[in-house]
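Chemist: Annotation comment: TrEMBL describes 344-531 as domain 'Lon proteolytic'. Residues annotated as active site in TrEMBL: Ser438, Lys481.
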Amino acid sequence: MEEKMKNLKIPEYAMKVIKEEQQKLQYLEPTSSEFNVTRNYLDWLTNMPWGLVSEENTDLKKAKEALDEGHYGMKDVKQRILEFIAINILKKSVGGKILCFHGPPGVGKTSIAKSIAAALNRQYFRFSVGGMTDVSEIKGHRRTYVGAMPGKMIQCLKKVQTENPLVLIDEIDKIGGAGFHGDPASALLELLDPEQNANFNDHFLDVPIDLTKVLFICTANEVDRIPGALRDRMELIDVSGYLAEEKMQIARKYLIPQARKETSLTEEQLTISEDVLDELIKHYCRESGVRNLQKHIERIFRKAALQIAEVDQSSAASVISVTSENLTKYVGKPKFTSDRMYDITPPGVVMGLAWTAMGGSALYIETVLKRAVDESSDKDGSLETTGNLGDVMKESVRTALTVAKGILSREKPDSKFFEKAHIHIHVPEGATPKDGPSAGVTLVSSLLSLALNKPVRQRMAMTGEISLTGKVLPVGGIREKVIAARRVGATLVFLPSENRRDYDELPDFMRDDIEVRFVTHYDELYKELFE
């Protein structure tokens with residue numbers, strides 16, 4: 001133990017505790033339980049990497065190559081890491097930071113953390129907090145308990161033996177709430193606060209530990225589910241979903257070579273055509289990430305490996321070519337057969353755009369009459385909504401109805417359609433819960449299309465919150481929504497004017513083949529609603 005301590009720069013306050021415990025140990029019987037507890041405590045204290053720092057990479061070019069080697073795209077993430085390295089070079093010191101990567105599943109949030117550790121030449125440690133309900137997992141148990149252990153952060157430092165590791169805290173949006181064993185989200189506040197973590201206090205060690213050199217990276221699917229105080233301490237970086245073109249590049253540069261390596265199949269033994277990748281992306285793997293695409297590619301390689309293993313490897317049968325004609329033999333029938341639910345939308349049906357933790361998607365609003373309108377009737381009309389709508393969306397329906405009434409009374413003053421009609425609004429995919437205000441303009445358009453009995457423009461999509469006076473308010477997830485619009489073949493998209501900045505940040509290739517118009521008030525959209 002003394003030999004081990006010679007190489008460490010143990011601070012005075014920790015050295016004092018170690019000396020006290022060593023003195024106590026001398027007077028204890030080796031067979032007593034107290035001896036084992038004290039010995040275990042001393043082991044943990046002397047196994048901390050006091051003053052040990054791994055030499056950080058200061059070569060920006062090498063770091064960029066390491067990041068590009070493992071992941072395609074992710075411009076914002078890579079840029080932020082290069083900035084971090086540049087600051088450390090100028091400061092001539094090793095610093096820490098708290099970042100949070102958020103985006104749909106399967107876009108590479110967890111895996112890029114490993115690449116970042118390699119690019120920075122830092123030790124890597126990962127722990128998941130998804131479903132965690134016990135504070136002791138983070139802060140450790142007090143030594144009075146039998147079998148007490150330090151928390152995850154102290155275990156990390158013992159394992160990596162350096163004061164400046166990269167620590168990945170996975171699934172931070174799924175952390176358990178407050179319960180009988182405390183609130184782990186609140187325990188993370190001290191760990192992830194740059195002002196407090198210079199003196200992080202673990203219940204087991206009971207000695208302040210300096211975590212200012214640690215680079216913390218958190219991952220989440222939904223930022224809104226992260227407690228506000230915790231979110232405030234992190235720098236949020238959006239890791240968005242991928243377009244079909246990006247998925248094609250990822251499959252070609254990363255997924256196929258990886259599958260070849262795992263199955264040992266050469267390019268001569270198995271060839272996969274471009275058409276096959278296109279077919280997989282369009283009809284099997286439409287989600288924002290590439291995890292499902294990876295599974296399908298691996299499935300093709302596994303089946304091909306079985307075929308080759310069953311025959312004589314030197315024969316012609318050991319050379320396999322996968323084409324769009326024989327693809328179903330390897331991955332089964334397509335999951336998606338058409339791009340859109342409606343090829344031609346009838347009156348009352350409008351394509352909106354939605355954004356979830358899984359990425360963007362087209363959201364159709366269907367509005368129909370339950371029975372014919374009788375304007376001479378004394379009875380008032382009614383409005384029914386279905387499709388698993390949340391409270392915010394139900395309020396949005398009522399707001400949209402008021403706005404639609406105002407526009408119809410201006411365009412057709414004699415019409416009593418909304419007063420007498422029995423309207424049913426449905427949002428398809430009833431098993432999926434839907435909420436949020438971003439379908440406001442779509443709901444107004446759907447109601448007006450039904451009232452005027454005119455179909456809206458074909459291949460048109462829209463998103464935006466609506467106010468009672470008809471103002472179109474900004475919404476989130478613009479990148480995902482534009483990707484979804486392109487995927488379903490929309491050629492014209494209406495967005496709120498206040499989201500222009502979000503749209504301008506999109507890469508040029510993402511804006512090709514699509515026309516976007518920005519509106520401040522619904523009247524601007526109404527002028528272009530019909531052919």
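Keep in mind that glycine also has a Cβ here, set from the backbone N, Cα and C atoms.
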Chemist: Going along the chain, which residues six or more apart from Ser438 (active site) have their CB under 8 A from its CB?
Modeler: Gly352, Leu353, Ala354, Trp355, Thr463, Gly464, Glu465, Val475, Gly476, Gly477
Chemist: Check the DSSP secondary structure of Ser438 (active site), expressed as helix, strand or coil.
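Modeler: Coil, per DSSP.
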Chemist: I'd like the Cβ neighbour count for Lys481 (active site), meaning other Cβ atoms within 10 Å of its Cβ, all protein chains included.
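Modeler: There are 29 of them.
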Chemist: Where does the mean pLDDT land for the domain 'Lon proteolytic' (344-531)?
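Modeler: Result for the domain 'Lon proteolytic' (344-531): average pLDDT 90.
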